[in-house]
């Protein structure tokens, strides 16, 4: 039978027009999504706490001024817990759901925080950090998946980018809580126990409220609960309870068809399936690379050992180091959050390239200023180092902070999304462990010469992102994930959603009747999403007895 051409509606035709806060469903949904978003705040607080505690004399004295191997083990303990829990979290998240995983992870974290706040020895402190890490890795796997799969289509990129950017909110809280505890509890063990207790706030909030957040529609469809998935999308995406709304029909059709295609491509859903076909190998090459770049761009020097970096340029006062650390975290959050608002306008690829080029230039300047101070004791070089650190983080924050999680999740298909995300987190943890163990040893051994190795690595990063990172803006979640599987898969997804919505429109579900010429002239999505323009002008590849007929029979 000859191919046919059908003018289709796309998701752009059904999205909410006007300010999102005027749509009650989207407004309530975004308020609810704040809860899983707080997981990144917890991660930032927990990860930065050791950095802040190292500055406190009372913590140093209580634990016997740990250094070298002991200090490295204390810093690595949380990552060790994450590594222990990491292999199992994707299976829990895919089997029991995103909310249940977030709930259990929060409970485990609360146990760990209690042990840490009551720690009386280095061993007990390390055990607490390991327990926190196990709970945190469960939350870190489930929360961004819930955000990605539940958020409104045009908000997905911004919300998932804000997720990782929120890490700095926790880092800010950690820095300033440690600073405040130092000022108001000086000489007391509460100068470090109080900041430890602050860690319990978000896990307690999530454990109490997570069941009020709806489950991921993608998870529900994968478990055969399409009715519940449609009801959630109707309530929060379509601002009502009509599961026949064209936006709901479009999304459900794409989710269902994407899952069917994934079952054909990925015969199994084990970790091996992440590397079993060309499309997945392309995805994982990019994901593992940007995970490594997020830790090995030189940022690890400040993130974990700012005390050593500042002392390396002559900053020795506790108050000054704590203030610089706190101001840097605020600066990082402002830049990262601002960049998150730009990703759908500027594009992911452009931000990655600008970020890597900027980091290479500014880190080279940072290296030179540190070298001048250490070799010539130049006061001007020491003063220049601090603004160079801030400028370096400006470029780091415009890409790697907002997009590490967002870009990873959106290019992974549903069936392997949780496992691929776990591999990304594993890569981050391993490269982070390198920072925590090798950086202090290398700085002690060779000083500023160690910075030159990062300069060379930044050149490699820039070349990689120019060659391999692809643009993903202007696509639905399912269409973005299909980019790496070839043109036919992208076309299929657009057709499935468009035809299903077209059938709904033809049955008069909403009171809009336009001719095909009016639709093409007045509601063309090509201006807002140019990627659709190219694909829509190509011929359809479905016959009447193929997948299109299946979709018609279901709507």
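Positions of Cβ are set from backbone N, Cα and C atoms, glycine also.
Just so you know, TrEMBL annotations never went through curation; they're auto-generated.
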Subject >> Stated TrEMBL location of transmembrane segment, expressed as one of 234-255, 256-277, 388-409 >> reply: 388-409
Original post:
the transmembrane segment (100-119) and the transmembrane segment (322-343): do they have three or more Cβ pairs under 8 Å, with pairs 6 or more apart in sequence?
Top reply: no
Original post:
Do any residues of this chain, six or more beyond the ends of the transmembrane segment (100-119), have a C-beta under 8 angstroms from a C-beta of it, and if so which?
Top reply: 36, 39, 42, 81, 89, 92-93, 125, 127-143, 146, 193, 196-197, 199-200, 203-204, 206-207, 210-211
**OP:** Determine the mean pLDDT over the domain 'Major facilitator superfamily (MFS) profile' (32-473), rounding to the nearest whole number.
**Re:** 85
Subject >> Winner by Cβ pairs under 8 Å against the transmembrane segment (350-368), considering only 71-88, 125-147, 167-185, 388-409 >> reply: 388-409
